[in-house]
Amino acid sequence: MTSNSIYQRVRYLCSDQRILGHGSALCHFVRGRQQNVFSSARYFAHVPSDEEKRKDEATKVDKEITAMEYAHTISELSKARLSALVVSTSSFGYLAATVPISYSTLAAASLGTALCSSSASCLNQIFEQDRDARMKRTAKRPLVTKKVFSTNGAYALAATTGLAGGTTLYFGTDPITTALGVGNIAMYAGAYTFLKPRSEWNTWVGAIVGAVPPVMGYVAANNGSGLFDIEAAIIGGTLFLWQFPHFFALSWMHRKDYARGGFQMVATNDTEKGCATADLITKYTYYLSTMPILSTLSGVTNSMFAIEGLFLNGYAIYVARKFNEERSNGSARKVFLTSLWYLPCWMILFLLHSKKWREGIENDENIDEDLIDILKKKVDGIRQKGRENCPHEVLAFGVDKEGHLQSENNSENLEKQCPVPLVGRNTDKHTS
(Lines of atoms letter the chains of each structure in order from A and count residues from 1; the text may use other names and numbers.)
(Lines give C-alpha, C1' and ligand atoms only; values in the text may rest on other atoms or scores of the structure.)
Protein backbone atom coordinates (compact mmCIF):
# COMPACT_ATOMS: atom_id res chain seq x y z
CA MET A 1 0.00 0.00 0.00
CA THR A 2 1.36 3.39 -0.92
CA SER A 3 1.80 6.30 1.49
CA ASN A 4 -0.91 8.22 -0.33
CA SER A 5 -3.38 5.32 0.20
CA ILE A 6 -2.51 5.25 3.90
CA TYR A 7 -3.23 8.95 4.15
CA GLN A 8 -6.65 8.58 2.48
CA ARG A 9 -7.61 5.57 4.71
CA VAL A 10 -6.70 7.40 7.94
CA ARG A 11 -8.69 10.40 6.85
CA TYR A 12 -11.72 8.20 6.14
CA LEU A 13 -11.59 6.45 9.51
CA CYS A 14 -11.28 9.70 11.46
CA SER A 15 -14.26 11.25 9.73
CA ASP A 16 -16.67 8.28 9.71
CA GLN A 17 -19.24 8.73 12.52
CA ARG A 18 -20.43 5.15 12.08
CA ILE A 19 -17.03 3.87 13.29
CA LEU A 20 -16.34 6.52 15.94
CA GLY A 21 -19.09 7.99 18.03
CA HIS A 22 -19.22 11.75 17.87
CA GLY A 23 -18.81 12.23 21.62
CA SER A 24 -16.61 9.25 22.40
CA ALA A 25 -13.23 9.59 24.08
CA LEU A 26 -11.68 7.63 21.26
CA CYS A 27 -13.08 10.14 18.80
CA HIS A 28 -11.54 13.07 20.72
CA PHE A 29 -8.26 11.25 21.01
CA VAL A 30 -8.15 10.45 17.31
CA ARG A 31 -9.20 13.96 16.31
CA GLY A 32 -6.63 15.44 18.66
CA ARG A 33 -3.96 13.54 16.76
CA GLN A 34 -5.54 14.12 13.36
CA GLN A 35 -3.30 16.99 12.30
CA ASN A 36 -0.18 15.03 13.21
CA VAL A 37 -1.39 12.05 11.22
CA PHE A 38 -2.28 14.22 8.23
CA SER A 39 1.03 16.07 8.38
CA SER A 40 2.97 12.81 8.48
CA ALA A 41 0.95 11.37 5.63
CA ARG A 42 1.44 14.54 3.57
CA TYR A 43 5.15 14.46 4.27
CA PHE A 44 5.52 10.90 2.96
CA ALA A 45 2.99 11.39 0.16
CA HIS A 46 4.44 14.84 -0.88
CA VAL A 47 0.98 16.41 -0.89
CA PRO A 48 1.30 20.23 -0.44
CA SER A 49 -1.06 22.06 1.88
CA ASP A 50 -3.35 24.84 0.62
CA GLU A 51 -1.11 27.46 2.25
CA GLU A 52 1.97 26.03 0.54
CA LYS A 53 0.15 26.09 -2.78
CA ARG A 54 -0.73 29.76 -2.32
CA LYS A 55 2.89 30.61 -1.46
CA ASP A 56 4.18 28.71 -4.48
CA GLU A 57 1.74 30.49 -6.79
CA ALA A 58 2.65 33.90 -5.34
CA THR A 59 6.36 33.15 -5.78
CA LYS A 60 5.78 32.14 -9.41
CA VAL A 61 3.84 35.35 -10.10
CA ASP A 62 6.60 37.46 -8.48
CA LYS A 63 9.22 35.71 -10.59
CA GLU A 64 7.19 36.29 -13.75
CA ILE A 65 6.71 40.01 -12.97
CA THR A 66 10.39 40.46 -12.24
CA ALA A 67 11.45 38.64 -15.39
CA MET A 68 9.08 40.57 -17.64
CA GLU A 69 9.33 44.00 -16.07
CA TYR A 70 12.90 44.25 -14.83
CA ALA A 71 14.36 45.49 -18.12
CA HIS A 72 11.31 47.67 -18.75
CA THR A 73 11.66 49.23 -15.30
CA ILE A 74 15.32 50.07 -15.93
CA SER A 75 14.24 51.60 -19.23
CA GLU A 76 11.64 53.75 -17.45
CA LEU A 77 14.04 54.85 -14.73
CA SER A 78 16.56 55.78 -17.41
CA LYS A 79 13.89 57.57 -19.50
CA ALA A 80 15.01 55.56 -22.52
CA ARG A 81 13.24 57.70 -25.12
CA LEU A 82 14.74 60.90 -23.76
CA SER A 83 18.16 59.24 -23.58
CA ALA A 84 17.79 58.12 -27.21
CA LEU A 85 17.13 61.73 -28.24
CA VAL A 86 20.17 62.86 -26.26
CA VAL A 87 22.37 60.25 -27.94
CA SER A 88 21.10 61.23 -31.40
CA THR A 89 22.04 64.88 -30.81
CA SER A 90 25.44 63.85 -29.44
CA SER A 91 26.09 61.71 -32.52
CA PHE A 92 24.95 64.58 -34.73
CA GLY A 93 27.48 66.86 -33.03
CA TYR A 94 30.20 64.31 -33.68
CA LEU A 95 29.29 63.95 -37.36
CA ALA A 96 29.04 67.72 -37.79
CA ALA A 97 32.59 68.20 -36.55
CA THR A 98 34.88 66.42 -38.96
CA VAL A 99 35.58 63.63 -41.42
CA PRO A 100 36.98 60.93 -41.24
CA ILE A 101 34.99 59.26 -38.51
CA SER A 102 36.68 57.36 -35.70
CA TYR A 103 34.04 54.74 -35.00
CA SER A 104 35.56 53.76 -31.66
CA THR A 105 35.43 57.37 -30.43
CA LEU A 106 31.91 57.83 -31.79
CA ALA A 107 30.77 54.64 -30.04
CA ALA A 108 32.39 55.70 -26.75
CA ALA A 109 30.87 59.18 -26.96
CA SER A 110 27.40 57.77 -27.70
CA LEU A 111 27.53 55.08 -25.01
CA GLY A 112 28.98 57.42 -22.40
CA THR A 113 26.36 60.06 -23.16
CA ALA A 114 23.57 57.47 -22.90
CA LEU A 115 24.81 56.23 -19.52
CA CYS A 116 25.19 59.76 -18.13
CA SER A 117 21.69 60.63 -19.35
CA SER A 118 20.30 57.47 -17.72
CA SER A 119 21.96 58.32 -14.41
CA ALA A 120 20.61 61.88 -14.42
CA SER A 121 17.09 60.70 -15.25
CA CYS A 122 17.16 58.06 -12.51
CA LEU A 123 18.29 60.58 -9.89
CA ASN A 124 15.59 62.99 -11.06
CA GLN A 125 12.89 60.36 -10.45
CA ILE A 126 14.31 59.52 -7.03
CA PHE A 127 14.07 63.14 -5.93
CA GLU A 128 10.64 63.70 -7.48
CA GLN A 129 8.87 60.44 -6.59
CA ASP A 130 6.53 62.09 -4.07
CA ARG A 131 5.49 64.72 -6.61
CA ASP A 132 5.23 62.12 -9.37
CA ALA A 133 2.68 60.25 -7.23
CA ARG A 134 0.33 63.25 -7.42
CA MET A 135 0.41 63.51 -11.21
CA LYS A 136 -1.62 61.34 -13.57
CA ARG A 137 1.06 61.13 -16.27
CA THR A 138 3.74 59.99 -13.79
CA ALA A 139 1.68 58.05 -11.22
CA LYS A 140 2.77 54.71 -12.69
CA ARG A 141 6.49 55.39 -12.67
CA PRO A 142 8.56 52.61 -11.05
CA LEU A 143 9.47 54.46 -7.86
CA VAL A 144 5.86 55.45 -7.29
CA THR A 145 4.48 51.91 -7.66
CA LYS A 146 7.53 50.24 -6.01
CA LYS A 147 6.79 47.10 -8.04
CA VAL A 148 10.33 46.17 -8.97
CA PHE A 149 12.76 48.79 -7.69
CA SER A 150 13.08 50.34 -4.27
CA THR A 151 14.61 53.77 -3.76
CA ASN A 152 17.90 52.16 -2.72
CA GLY A 153 17.86 50.05 -5.86
CA ALA A 154 17.33 53.17 -7.95
CA TYR A 155 20.27 54.86 -6.21
CA ALA A 156 22.41 51.84 -7.08
CA LEU A 157 21.32 52.03 -10.72
CA ALA A 158 22.03 55.78 -10.89
CA ALA A 159 25.47 55.34 -9.34
CA THR A 160 26.34 52.43 -11.64
CA THR A 161 25.28 54.16 -14.86
CA GLY A 162 26.85 57.46 -13.82
CA LEU A 163 30.18 55.85 -12.97
CA ALA A 164 30.12 53.73 -16.13
CA GLY A 165 29.24 56.75 -18.26
CA GLY A 166 32.03 58.91 -16.85
CA THR A 167 34.55 56.08 -17.19
CA THR A 168 33.52 55.37 -20.79
CA LEU A 169 33.85 59.03 -21.74
CA TYR A 170 37.19 59.43 -19.96
CA PHE A 171 38.91 56.42 -21.53
CA GLY A 172 37.06 56.54 -24.86
CA THR A 173 37.09 60.27 -25.61
CA ASP A 174 38.83 63.06 -23.66
CA PRO A 175 38.69 64.92 -20.31
CA ILE A 176 36.67 67.88 -21.68
CA THR A 177 33.90 65.64 -23.01
CA THR A 178 33.95 63.72 -19.73
CA ALA A 179 33.59 66.93 -17.72
CA LEU A 180 30.64 68.00 -19.87
CA GLY A 181 28.93 64.63 -19.40
CA VAL A 182 29.42 64.43 -15.64
CA GLY A 183 28.57 68.11 -15.27
CA ASN A 184 25.32 67.55 -17.11
CA ILE A 185 24.33 64.87 -14.57
CA ALA A 186 24.85 67.40 -11.79
CA MET A 187 23.00 70.15 -13.63
CA TYR A 188 19.96 67.99 -14.48
CA ALA A 189 19.66 66.03 -11.23
CA GLY A 190 20.79 68.99 -9.14
CA ALA A 191 20.00 72.49 -10.40
CA TYR A 192 17.14 71.61 -12.75
CA THR A 193 15.39 69.24 -10.34
CA PHE A 194 15.88 71.65 -7.44
CA LEU A 195 14.35 74.56 -9.37
CA LYS A 196 11.30 72.75 -10.77
CA PRO A 197 9.11 73.21 -7.67
CA ARG A 198 10.62 76.62 -6.92
CA SER A 199 11.03 78.74 -10.05
CA GLU A 200 9.95 79.01 -13.69
CA TRP A 201 13.62 79.41 -14.57
CA ASN A 202 13.97 75.63 -14.37
CA THR A 203 13.01 75.51 -18.06
CA TRP A 204 15.98 77.66 -19.04
CA VAL A 205 18.34 75.54 -16.96
CA GLY A 206 16.88 72.41 -18.56
CA ALA A 207 17.46 73.93 -22.00
CA ILE A 208 21.15 74.32 -21.19
CA VAL A 209 21.25 70.64 -20.21
CA GLY A 210 19.72 69.72 -23.57
CA ALA A 211 22.18 71.89 -25.50
CA VAL A 212 25.26 70.19 -24.04
CA PRO A 213 25.13 66.70 -25.72
CA PRO A 214 25.71 67.91 -29.33
CA VAL A 215 28.62 70.00 -28.06
CA MET A 216 29.96 66.88 -26.33
CA GLY A 217 29.88 65.03 -29.63
CA TYR A 218 31.60 67.90 -31.44
CA VAL A 219 34.36 68.17 -28.83
CA ALA A 220 34.87 64.39 -28.78
CA ALA A 221 35.34 64.39 -32.56
CA ASN A 222 38.01 67.08 -32.20
CA ASN A 223 39.88 65.20 -29.45
CA GLY A 224 38.95 67.64 -26.72
CA SER A 225 39.26 70.90 -28.63
CA GLY A 226 36.69 73.05 -30.42
CA LEU A 227 34.53 73.86 -27.40
CA PHE A 228 34.35 77.51 -28.47
CA ASP A 229 34.18 76.92 -32.25
CA ILE A 230 31.41 78.64 -34.19
CA GLU A 231 30.09 75.20 -35.25
CA ALA A 232 29.70 74.18 -31.61
CA ALA A 233 27.89 77.45 -30.89
CA ILE A 234 25.51 76.95 -33.84
CA ILE A 235 24.51 73.36 -33.01
CA GLY A 236 24.39 73.98 -29.25
CA GLY A 237 22.42 77.20 -29.70
CA THR A 238 19.92 75.48 -31.97
CA LEU A 239 19.27 72.72 -29.42
CA PHE A 240 18.91 75.35 -26.70
CA LEU A 241 16.29 77.36 -28.63
CA TRP A 242 14.43 74.28 -29.94
CA GLN A 243 13.53 73.14 -26.44
CA PHE A 244 11.38 76.15 -25.59
CA PRO A 245 8.52 75.68 -28.07
CA HIS A 246 8.85 71.93 -27.52
CA PHE A 247 8.54 72.03 -23.73
CA PHE A 248 6.25 75.05 -23.37
CA ALA A 249 3.72 73.29 -25.61
CA LEU A 250 4.05 70.07 -23.59
CA SER A 251 3.67 71.85 -20.25
CA TRP A 252 0.62 73.74 -21.52
CA MET A 253 -1.13 70.48 -22.43
CA HIS A 254 -0.35 69.06 -18.96
CA ARG A 255 -0.53 72.31 -16.98
CA LYS A 256 -3.13 70.98 -14.51
CA ASP A 257 -1.06 67.88 -13.89
CA TYR A 258 2.09 69.92 -13.29
CA ALA A 259 0.12 72.11 -10.88
CA ARG A 260 -0.98 68.99 -8.94
CA GLY A 261 2.67 68.01 -8.66
CA GLY A 262 3.57 71.44 -7.31
CA PHE A 263 5.91 72.35 -10.17
CA GLN A 264 6.56 75.99 -11.03
CA MET A 265 6.16 76.16 -14.81
CA VAL A 266 5.30 79.09 -17.03
CA ALA A 267 2.11 77.27 -18.03
CA THR A 268 1.03 76.52 -14.44
CA ASN A 269 1.55 80.13 -13.38
CA ASP A 270 -0.01 81.56 -16.53
CA THR A 271 -3.55 82.90 -16.80
CA GLU A 272 -6.37 80.86 -18.33
CA LYS A 273 -5.77 82.72 -21.60
CA GLY A 274 -2.16 81.50 -21.72
CA CYS A 275 -0.72 84.82 -22.87
CA ALA A 276 2.76 84.27 -21.40
CA THR A 277 3.07 80.73 -22.76
CA ALA A 278 1.91 81.71 -26.25
CA ASP A 279 4.22 84.72 -26.30
CA LEU A 280 7.27 82.65 -25.34
CA ILE A 281 6.50 79.89 -27.87
CA THR A 282 6.20 82.46 -30.65
CA LYS A 283 9.33 84.38 -29.65
CA TYR A 284 11.58 81.35 -29.37
CA THR A 285 10.29 79.92 -32.63
CA TYR A 286 11.33 83.16 -34.34
CA TYR A 287 14.71 83.02 -32.61
CA LEU A 288 15.12 79.42 -33.78
CA SER A 289 14.35 80.37 -37.38
CA THR A 290 17.43 82.62 -37.51
CA MET A 291 19.90 79.76 -36.94
CA PRO A 292 20.17 78.54 -40.58
CA ILE A 293 20.81 82.13 -41.66
CA LEU A 294 23.46 82.65 -38.98
CA SER A 295 25.03 79.33 -39.92
CA THR A 296 25.29 80.41 -43.55
CA LEU A 297 26.56 83.92 -42.77
CA SER A 298 29.24 82.48 -40.48
CA GLY A 299 30.48 80.18 -43.25
CA VAL A 300 29.53 76.95 -41.52
CA THR A 301 26.98 75.89 -44.16
CA ASN A 302 26.16 76.63 -47.78
CA SER A 303 23.54 79.25 -48.70
CA MET A 304 21.05 76.51 -49.56
CA PHE A 305 20.73 75.69 -45.87
CA ALA A 306 19.42 79.20 -45.25
CA ILE A 307 16.99 78.89 -48.17
CA GLU A 308 15.66 75.49 -47.13
CA GLY A 309 15.54 76.71 -43.54
CA LEU A 310 12.97 79.30 -44.60
CA PHE A 311 10.54 76.54 -45.55
CA LEU A 312 11.33 74.44 -42.48
CA ASN A 313 10.94 77.34 -40.08
CA GLY A 314 8.02 78.80 -41.98
CA TYR A 315 5.77 75.94 -40.91
CA ALA A 316 7.10 76.03 -37.34
CA ILE A 317 6.24 79.74 -37.17
CA TYR A 318 2.81 79.03 -38.64
CA VAL A 319 1.85 76.51 -35.92
CA ALA A 320 3.33 78.76 -33.21
CA ARG A 321 1.21 81.68 -34.38
CA LYS A 322 -1.79 79.37 -34.57
CA PHE A 323 -1.33 78.55 -30.90
CA ASN A 324 -0.98 82.26 -30.17
CA GLU A 325 -4.41 82.79 -31.71
CA GLU A 326 -6.29 79.78 -30.29
CA ARG A 327 -4.33 78.76 -27.17
CA SER A 328 -5.97 75.36 -27.03
CA ASN A 329 -4.58 71.94 -26.21
CA GLY A 330 -5.08 70.97 -29.84
CA SER A 331 -2.95 73.81 -31.18
CA ALA A 332 -0.35 73.19 -28.46
CA ARG A 333 -0.18 69.57 -29.56
CA LYS A 334 0.56 70.69 -33.13
CA VAL A 335 3.46 72.78 -31.87
CA PHE A 336 4.76 69.81 -29.88
CA LEU A 337 4.44 67.32 -32.76
CA THR A 338 6.05 69.78 -35.17
CA SER A 339 9.05 70.04 -32.86
CA LEU A 340 9.48 66.24 -32.99
CA TRP A 341 10.09 66.12 -36.75
CA TYR A 342 11.65 69.57 -37.00
CA LEU A 343 14.84 68.63 -35.14
CA PRO A 344 15.87 65.56 -37.21
CA CYS A 345 15.10 67.48 -40.42
CA TRP A 346 17.27 70.38 -39.25
CA MET A 347 20.17 68.07 -38.36
CA ILE A 348 20.04 66.22 -41.70
CA LEU A 349 19.97 69.46 -43.70
CA PHE A 350 22.82 70.87 -41.64
CA LEU A 351 25.02 67.86 -42.41
CA LEU A 352 24.06 67.91 -46.07
CA HIS A 353 25.03 71.56 -46.44
CA SER A 354 28.00 71.57 -44.05
CA LYS A 355 31.15 72.97 -45.68
CA LYS A 356 33.37 71.22 -43.15
CA TRP A 357 31.80 67.88 -44.04
CA ARG A 358 32.43 68.43 -47.75
CA GLU A 359 35.99 69.61 -47.24
CA GLY A 360 36.72 66.67 -44.97
CA ILE A 361 35.70 64.20 -47.66
CA GLU A 362 37.67 66.11 -50.29
CA ASN A 363 40.90 66.28 -48.34
CA ASP A 364 40.95 62.91 -46.61
CA GLU A 365 43.18 60.55 -48.57
CA ASN A 366 42.28 57.57 -46.37
CA ILE A 367 38.71 57.39 -47.66
CA ASP A 368 38.13 54.58 -50.12
CA GLU A 369 37.65 56.18 -53.55
CA ASP A 370 35.33 53.38 -54.61
CA LEU A 371 33.09 54.18 -51.65
CA ILE A 372 33.13 57.86 -52.62
CA ASP A 373 32.17 56.95 -56.18
CA ILE A 374 29.25 54.83 -54.93
CA LEU A 375 28.04 57.57 -52.61
CA LYS A 376 28.46 60.20 -55.30
CA LYS A 377 26.42 58.27 -57.84
CA LYS A 378 23.61 57.61 -55.38
CA VAL A 379 23.47 61.17 -54.13
CA ASP A 380 23.89 62.75 -57.57
CA GLY A 381 20.90 60.82 -58.90
CA ILE A 382 18.66 62.30 -56.22
CA ARG A 383 20.33 65.69 -56.46
CA GLN A 384 19.82 65.96 -60.22
CA LYS A 385 16.06 65.48 -59.84
CA GLY A 386 16.01 68.34 -57.39
CA ARG A 387 18.09 70.61 -59.63
CA GLU A 388 15.78 70.21 -62.58
CA ASN A 389 12.90 71.49 -60.45
CA CYS A 390 14.83 74.20 -58.59
CA PRO A 391 13.82 77.75 -59.69
CA HIS A 392 17.04 79.23 -58.31
CA GLU A 393 19.30 77.08 -60.54
CA VAL A 394 17.12 77.54 -63.60
CA LEU A 395 17.27 81.32 -63.18
CA ALA A 396 20.99 81.32 -62.38
CA PHE A 397 22.23 79.07 -65.17
CA GLY A 398 19.38 78.52 -67.62
CA VAL A 399 18.54 75.31 -69.46
CA ASP A 400 19.53 73.95 -72.85
CA LYS A 401 17.18 72.91 -75.63
CA GLU A 402 16.70 69.49 -74.07
CA GLY A 403 15.72 70.97 -70.73
CA HIS A 404 18.98 70.12 -68.91
CA LEU A 405 20.72 72.62 -66.67
CA GLN A 406 23.69 74.25 -68.38
CA SER A 407 25.66 74.11 -65.12
CA GLU A 408 25.40 70.33 -64.88
CA ASN A 409 28.99 69.60 -65.91
CA ASN A 410 30.50 72.91 -64.85
CA SER A 411 32.60 72.27 -61.74
CA GLU A 412 33.17 76.00 -61.22
CA ASN A 413 29.48 76.44 -60.42
CA LEU A 414 29.19 73.68 -57.84
CA GLU A 415 29.01 76.26 -55.04
CA LYS A 416 25.80 77.62 -56.53
CA GLN A 417 24.14 74.27 -56.97
CA CYS A 418 21.66 72.88 -54.51
CA PRO A 419 22.08 70.98 -52.40
CA VAL A 420 25.78 71.29 -51.61
CA PRO A 421 27.75 68.42 -53.19
CA LEU A 422 29.26 65.86 -50.84
CA VAL A 423 32.34 65.85 -53.09
CA GLY A 424 33.82 69.27 -53.70
CA ARG A 425 34.98 71.35 -56.62
CA ASN A 426 37.56 69.01 -58.11
CA THR A 427 35.31 66.34 -59.60
CA ASP A 428 38.24 64.60 -61.31
CA LYS A 429 39.78 63.63 -57.98
CA HIS A 430 37.52 60.66 -57.42
CA THR A 431 36.91 59.54 -60.97
CA SER A 432 38.49 56.46 -62.44
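Cβ atoms are placed via backbone N, Cα and C, with glycine included.
Look at TrEMBL and you will find 82-101, 107-127, 148-170, 176-195, 202-221, 233-253, 293-315, 335-352 tagged as transmembrane segment.
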Beyond the flanks of the transmembrane segment (82-101) by at least 6 residues, Cβ under 8 Å: 109-110, 113-114, 117-118, 121, 210, 213-222, 226, 231-232, 235, 239, 343-344, 347, 350-351, 354, 356-357, 360-361, 364, 366-367
Other parts of the chain folded back onto the transmembrane segment (107-127), taken as Cβ under 8 Å at six or more residues beyond its ends: 77-80, 82-84, 86-87, 90-91, 94, 141-143, 151, 154-155, 157-159, 161-162, 164-166, 168-169, 171-173, 177-178, 181-182, 184-185, 188-189, 192-193, 209, 213, 216-217, 220-221
Contact ranking winner - 148-170, 176-195, 202-221, 233-253, 293-315 against the transmembrane segment (335-352), Cβ under 8 Å: 233-253
Leading contact stretch, 148-170, 202-221, 233-253 vs the transmembrane segment (293-315) - CB distance under 8 Å: 233-253
Candidates 148-170, 202-221, 233-253; stretch with most C-beta pairs under 8 Å toward the transmembrane segment (176-195): 202-221
